[in-house]
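These notes concern the structure reproduced below.
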Amino acid sequence: MDRGLSTGTHQEDDGLRERIVASQSGAALTPEALTATGEGLLKDKTGKEMKTYGRTPGGTVFTVPQTHDMVSQLLSPSEPKNLSDVAVIAILGVHILLLWGLPAGAKVPVFALIYLFWRAAYNAGIGWLLHNQSNYNTLVRWAEKTKIFVNPATGKNPHPNLYQLIKRELETKIPTDYSFENAPIEYNTWLVFRRLVDLILMCDFVSYCLFAVACSGRPVDEGALMTVLRWSAGIVLVLFNLWVKLDAHRVVKDYAWYWGDFFFLIDQELTFDGVFEMAPHPMYSVGYAGYYGISLMAASYKVLFISILAHAAQFAFLVFVENPHIDKTYNPPPPRKRTIDQESVSAASQASSSPIAPASLDEQLPHAPSYASGPPPSVHNLLGIQNLDLHRITDTSSMLIQFLVFAITVLTPSTPWYRFLFVANAAIWRIWYSVGIGLVLDRQSNRKAWTRHFVKYGETPQEAWNQWKGTYHLSMVMCYASFIAAVWKMYTFPADWGYGLVLLRHVLGAGLISLQIWTSVSIYESLGEFGWFYGDFFFDASPKLTYNGIYRFLNNPERVLGLAGVWGAVLITSSGAITFLALLSHTLTLAFIQFVERPHMQKLYGRSLRRDAGLTKSLKRSLPDPLKQLHGSVDKMFDDSFEFIEDLIDTARPKLAAGVNTFVKDTSALFQKYPARVTISRIDEDLAGYDSRDYSLEVEGTDSLSLHDVDQSSGREGLNARMPLDRRGDLKNLVFEYGSPIKVKWTAPLNHSKKDWIGLYRVIDNTSREISRVSSQGRWIATNEGSYDNSKCEQGIVTSDVVIPASQRKDGEGRDLASGEVVFSGDKLFWTQGVFEFRYHHNGKHNVMSISRPFEIRISRFDEDEIPLMDPTSVEMSLFPVVRNCFDRDPEIAPETVDEPFGSLVERDGKYAKRVVFAVHQMFGIEFAPEVVKADGSVHNLAWRICNAKRVLAPYSMPKNGAATPTEAKE
């Protein structure tokens, strides 16, 4: 409900970002950028009403009638009422009567539980329904299975009374442009879903207000002035919240308000207007300001804490439900660029920023570095716990120095002298972080001083860039580490949390710290590693600016929101010294933006810089004319002042020494869950009517080169074990390629359950042959379509219920059989080596009717003895089919030739790169990070990297055919 969404074209941005992201071809549509005019009445130039058309996933086009918001439907006398409206109003009335009838001591706990129930129904209940509808089309499939929208006249609807009730309810609400019988099932399902949403949302809000009433009171010894200020601030926040909701509904209408794009899309242009231009996710961010206004008016910490809990739950709903659906629906990966001929491949490769494989490894000149003008690909990032690498000097020194800082902080006494030292240390690091780093960047912008220094000693610009990232990274972390240490020294644990505003100060301070963390994460997501480290000071990037994420709303989010945490520390500590550090930090940050970033951006991008961000434009439109003129005068005054200070600094700018390094990130341990979940299954009572001989599974796949015979002749076995296997009529072992699709042919009785399913398991997972006691973890396919609410379980069905006459049975039985085929591929496979089996299960349960022959998934190791590893061509030929399997053989992802670049989805979904690096490790014994696969971008480049890595590591590898010591070359 936080965004308006529609199909059609989207409005172009003004072009915005304070630091450009490297190698960004285009700005992807983001949730906050997507708003739709909805299904409200539109008019063309002649004043004639325009229809809104919807489109179902199946391609059906229909007219979307006009609907109204839930409050108008329920409370407006002009709107027609139906039975569901009466039910909702009655339930709301029960809530109000309950508040009136409960004893005083029970009101608060009872309504706290009631509100938490409705909030869980909203975020968990509706979230679960929408998640399943988005991924599996569950709600529509429920409607199809129950046939509640099928006309009873056909004789196929088992619920004719329910059909008439729903028909009357919906047609009462939509008197025009709507026919219940002719509307698509997706639209009718959405309308029924809306009524459930109306009930939950209304009860959620009303129960919250009643809980606030139950908790409300006036603090002891509160003066009249404080009471007036508290109520005034609360009313302002509530009115602001009301405006946000009304303006958001004006923009998105009912279609997006009720998550209509989970069911169908509308053919209409996207707009970017109103509150959606002010803040990201306005319905879930500033749209909850009223909760805190009500908390102020109630003067209750209980209401405040339950408001924070509800707000956090709403953000979880956004992250886990809405954003994944928006990305899937509106931000699909762009179509891949296919190569036309070998010449174009070569030309494209030379222009790429990915590592390029030379024609021969011997042609490389180790002492003649290449000075590429473009930025290097981001493979080994610095930021984030997931990127912590103790083999890297930057990370190791960060952890050691950080540990030292906090050890000194904890072990030293909090005397005035030590407090002074810690505050002075924090101030020095802040000055270095803003002034020192600013001076380095200014010289780099004007004279390329940093890069020139490294080129002077024969290094490349890429090496200068890497060293700069380490310097900036350590300076940043040391700045904040020293600030946290100073806060620790100045903080005194409260003796009484209930005294005065102590608790409120801590809550607000924690909120501001959280805001700064969110702002930093948003900035990093928008800019990437390149923009975060000011990459356009070091490399010539594209002259076009793109604005997305938080930069859609703010030109410099670090100017205010990026320092919210330091002011949160001021609130928590109530210390004058920390207030001084906060003022110093804010002043230096503003100066850095004005004197370092702004001149460089103007020089680099000129007039393409956007003057006003989305929030600024919205505020200017809302201001009266006198205030607009005052705003312009204030801006001019600040500009003149900054120009004067800049001229003064230019005349006497000190040279600051390069600083100390630190950055601490806690190591994260990866815990692998046991890949199976134990379940309790019950044997079906109707199994007696089925003969297990009628069930069978036959497996077919792409054969892999088996190493079994090689292992037998290795000399490690006894004499008898070295002899060839005497199979005595048994079939050859099944060994399939890693990641190749596996076809399963099944047979079952003609009267088999339509909910039968086939699952893929490790042989060692199940000890029982009668019941599968382990979850398939999504690796299963139904035998028949339309039997499950989950549409993904039908992906892979080839044929179903093809009759095999009894005359064609090999076992001589006289009964006809049903047969079918399914194909397991992609996420339905195990992406590892091992021995596996398929199991045929009965009637949606875990009773096993048949088990396939066990088969092995094996990655053939590259034979370095027969084929020289230094030959990239042979490596390419061995690697190419494996890479295609890792990419699911999807034509939009998998390459058709070794030179063709990978599809863009490889960049977005990390599982594909992880599959490839696992295969490379097994084939060649070389371990790469997944980012290497993304950076190389083709089999050709990856093969060259493997050869180069093998050559580098060769002196440390034990060869198969000789000693590890060097040998003389043969003449």
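Here the Cβ of each residue, glycine as well, is placed from N, Cα and C on the backbone.
With respect to the membrane, Swiss-Prot annotates PRO333 and CYS479 as residing on a common side. Cross-referencing 398-418, 944-964 with Swiss-Prot places the feature transmembrane segment at 398-418. A contact between the transmembrane segment (483-503) and the transmembrane segment (86-106) is absent, since fewer than 3 of their C-beta pairs, 6 or more residues apart, lie under 8 Å. Residues 74, 114, 198-199, 202-203, 206-207, 210, 213-214 of the same chain, all 6+ positions outside the transmembrane segment (86-106), place their C-beta atoms under 8 angstroms from a C-beta of that stretch. Taking pairs at least six residues apart, the transmembrane segment (110-130) and the transmembrane segment (224-244) share fewer than three Cβ pairs below 8 Å and do not count as touching.
Proximity of the transmembrane segment (278-298) to the transmembrane segment (196-216) is established through 3 or more Cβ-Cβ distances under 8 Å for residue pairs spaced 6 or more apart. Ranking 196-216, 420-440, 563-583 by CB pairs under 8 A with the transmembrane segment (507-527) puts 563-583 at the top.
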